[in-house]
Amino acid sequence: MSIEVKMPALSPTMTEGTLAKWLVKEGDAVKAGDILAEIETDKAIMEFETVDAGIIAKILVPEGSENIAVGQVIAVMAEAGEDVSQVAASASSQISEPSEKADVAQKETADSETISIDASLDKAISNAGYGNKTENMTASYQEKAGRIKASPLAKRLAKKNHVDLKQVNGSGPHGRIIKADIEAFIAEANQASSNPSVSTPEASGKITHDTPHNSIKLSNMRRVIARRLTESKQNIPHIYLTVDVQMDALLKLRSELNESLAVQNIKISVNDMLIKAQALALKATPNVNVAFDGDQMLQFSQADISVAVSVEGGLITPILKQADTKSLSALSVEMKELIARAREGRLQPQEYQGGTSSISNMGMFGIKQFNAVINPPQASILAIGSGERRPWVIDDAITIATVATITGSFDHRVIDGADAAAFMSAFKHLVEKPLGILAQ
């Protein structure tokens, strides 16, 4: 009996992905544990292993295909003793026949069984003057063989929000409607409802601009970054606290540590020490090591620090788990491994999903100070500015010191200003008296 190879769920939250590359071809024999393909999620490219043995009879989804729903059949394998060509032919016919039936069914029921538009949504679109645009969208789809192409996730979201798929312009392959299209349509309608007399072309993702330009399609990662940061700024009331921290003692200790660790080929970075200081400060102020969760607050018993790492096409935050318990040398080695895998796109979901707080360091770019956006569902993030030589008062005397400006962003729903201040004070003390970092 033939074996269906389905799009895997490579993380608990994955609903769709991109089939980045096939590592096998039709006719190849495979065994359990062999890698079939590379799947791109919103944060990484991951290898997909088969759990069955057989021969690849037919590849149904070509590499490079985007927005492939979890559970969709992407290939068919023939078991030992089966006629490979017969399995391939059967797979091909099964693809075309349901498609033809769906076309006929769609044509017969298009007028009588379309998803109704919620009255308020319809009114919002009408008030904002989107009537002509909607008619054009509907006409364009009616001209296309009478069938609307949409992903299963998009269909569920449309049904839940009473959106007529005929009014949505698909941005997926061959005009296929994907989840992002439904979300954009709903956002546009909501914007129209709140500003009925104002034309907002930006809401639809179509900006009119006379300046010569290139249109660059957003990657999966960039779309997720855009969505999550928008959610953060819209839903989380940020409070910002800033401190100036003298770095000289920490820099001196780092130099001494690296001299002694050189024989082990370990080099501790300033960021490694700041991560450890952040973790210890979180343990010292448990009211900050928390997360907002609807009608409850989660208080964490360990400090898992998400570290912002710049990668091609965006940003990812690998996690140093239990950073408060790790030695500086162990923390440094693990961090370098995580950064390397992050830039190769080889992180596993459990290595970047979660965390109790984040840190973002832009000091190496000469940035003096910035406010970082909280990474939900976390409730805090540290923004590290560059260390620079500044006048500094010590014992009523002015001297020159290396000083960095560091800003903490906190979720004011669960973190009070006084608790945030206590955390920043604890962090500052650990950096300026860095032996405390080694002692814990």
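Every residue gets a Cβ built from N, Cα and C, even glycine.
The Cβ of HIS412 (active site) lies under 8 Å from the Cβ of PRO237, HIS238, ILE239, each of these being in the same chain and 6 or more residues away along the sequence. For HIS412, the entry in Swiss-Prot reads active site.
Feature annotation from Swiss-Prot assigns compositional bias 'Basic and acidic residues' to 98-110.
Taken from Swiss-Prot, the feature compositional bias 'Polar residues' covers 192-202.
Per Swiss-Prot, domain 'Lipoyl-binding' is recorded for 2-78.
Feature annotation from Swiss-Prot assigns domain 'Peripheral subunit-binding (PSBD)' to 149-186; the stated evidence is sequence analysis.
What Swiss-Prot records for LYS43 is N6-lipoyllysine, and it gives sequence analysis as the kind of evidence.
The annotation region 'Disordered' is assigned in Swiss-Prot to 91-113 (among others).
Feature annotation from Swiss-Prot assigns region 'Disordered' to 192-214 (among others).
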Summary of DSSP states over the domain 'Lipoyl-binding' (2-78), given as helix, strand and coil counts: 0 helix, 38 strand, 39 coil
Please work out the helix, strand and coil residue numbers for the domain 'Peripheral subunit-binding (PSBD)' (149-186) from the DSSP assignment. 23 helix, 2 strand, 13 coil
